[in-house]
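Annotated domain 'CIDE-N' per TrEMBL: 4-80, in sequence order.
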Amino acid sequence: MLQKPKSVKLRALRSPRKFGVAGRSCQEVLRKGCLRFQLPERGSRLCLYEDGTELTEDYFPSVPDNAELVLLTSGQAWQGWFRHVAQDSLTILGSSCPPTLAS
């Protein structure tokens, strides 16, 4: 029995653009995403945008429709949206806070 295609929202790590992609498997979504973003398929992988969980073929069926995914190429890492925002906030706060005096 053929699985119904799953629709996801896909973004590349260093791209502000996001595309809708549908596929019956993790590999199919990865292939289409690499074509769309003009990235090499070899060494690329998909992660959940929310928490950085790496997708596998076994995990793919449990991903909800319209989930946001990040397409990573070799050497790239994504630890999730929340962690990304928290790190950016700490960087901004750290640069705007006056230095503390050591006693």
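Every residue, even glycine, has its Cβ placed from backbone N, Cα and C.
TrEMBL labels come from automatic prediction, so no person has curated them.
DSSP labels the residues of the domain 'CIDE-N' (4-80) in these numbers: 15 helix, 24 strand, 38 coil.
Regional average pLDDT for the domain 'CIDE-N' (4-80) in the model is 95.
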